[in-house]
Amino acid sequence: MPELFAYTDGACSGNPGPGGWGVLLQAKEGDRLVKERALKGGEAHTTNNRMELLAAINALESLSRASTITVVTDSNYVKNGITGWIHGWKRNGWKNAAKKPVANAELWQRLDEANARHDVTWKWVKGHAGHAENERADELARAGMAPFKP
């Protein structure tokens, strides 16, 4: 059975401003690439954090059945949010530690639902540090943003 990986990235020109998200999905058997699929999208007026979240959401929502997958992101916001902070937010009625509404709560809720359907391992990598798949995800995010740039 191949191992599944999703390499995700978001990009924004200005913050807020036009933005894009990209996903590189790969199925691997050992070091051998079995299948690959690229996803991208964007919005005219958004933030980098929203694009990072949408990349992860679209990666998981694109899977047609419950899967074991490793999601690789360069966003500490996404990784820390889904593996840690979200538990407190849910307990506190989607309020943060300062008792304020959680930013991007609707996207966090979507990610939480998508995450629950799969067996997900979340992994952080440093962005723009020569990680080939992360660089590809970044290129996809920039391509997703392109139609929305003036």
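Just so it is clear, glycine is given a Cβ too, placed from its N, Cα and C backbone atoms.
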Further binder of Mg(2+) 1 named by Swiss-Prot next to Asp9, Glu52, taken from the candidates Asp74, Asp112: Asp74
8 Å Cβ shell about Asp9, Glu52, Asp74 centroid, Mg(2+) 1 site members excluded: Thr8, Gly10, Met51, Ala55, Thr73, Ser75, Val78, Gly127, Asn134, Ala137, Asp138, Ala141
Cα distance (Å, whole number) from Asp74 (Mg(2+) 1 binding site) to Asp9 (Mg(2+) 2 binding site): 7
Rounded inter-Cα distance in Å - Glu52 (Mg(2+) 1 binding site), Asp138 (Mg(2+) 2 binding site): 10
Nearest-integer angstrom distance between the alpha carbons (Cα) of Asp138 (Mg(2+) 2 binding site) and Asp74 (Mg(2+) 1 binding site): 10
